[in-house]
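Written below as structure tokens is the structure these notes are about.
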């Protein structure tokens, strides 16, 4: 049961890491448009960390036109911080996956390896949470202008929240299991050695009778002498 739970926790963390990669690749972080855009006069804009969808050509074919940001200098400092945090989260998640798989395959009895994997999974989820939560907060702020506009979450935001939840839950389970097992092993090592002797005596009662008879015999009293 413990083995299956460890593999399930590792699977949750790995799924969260894959969702983090998908969050980084999707340009659907924020969408901006009119509140009731039932006409084709105004486009909708999708923004991502690496790409932007310039406009939605509703008058013609209804396709979205994607393009990379032309210059990083025009982007805010928070935007560049988001990029760094997402890359750090993905790299940390990759390290956690490698450590977790290595521990599960080659070192199944090393709880320290699984504990490190769980801690790194939680750390990776927290790194991803910062840009996702900040983007969601920024998307909820109202826009002021001539035309009433609205910003909303894109699909990448929902995947980012799922990724954070999976990595934190999987890493938390790994940390809890490994901490509990280490505590049980420390209690087992600290148990008195006489307990094993008592079990051996209970397993062979004839030896106990022989030792008791010899202890109270005249030969034993002669060997020990008068006290």
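Just so it is clear, glycine is given a Cβ too, placed from its N, Cα and C backbone atoms.
In TrEMBL, annotation is done automatically, which means it is predicted and not curated.
Between the listed ranges 155-177, 178-200, TrEMBL ties the annotation transmembrane segment to 155-177. Residues 2, 5-6, 8-17, 19-20, 22-23, 26-30, 48, 93, 96, 100, 114-115, 117-126, 128-129, 131-132, 135-136, 139 of the same chain sit 6 or more residues outside the transmembrane segment (155-177) yet have a Cβ under 8 Å from a Cβ within it.
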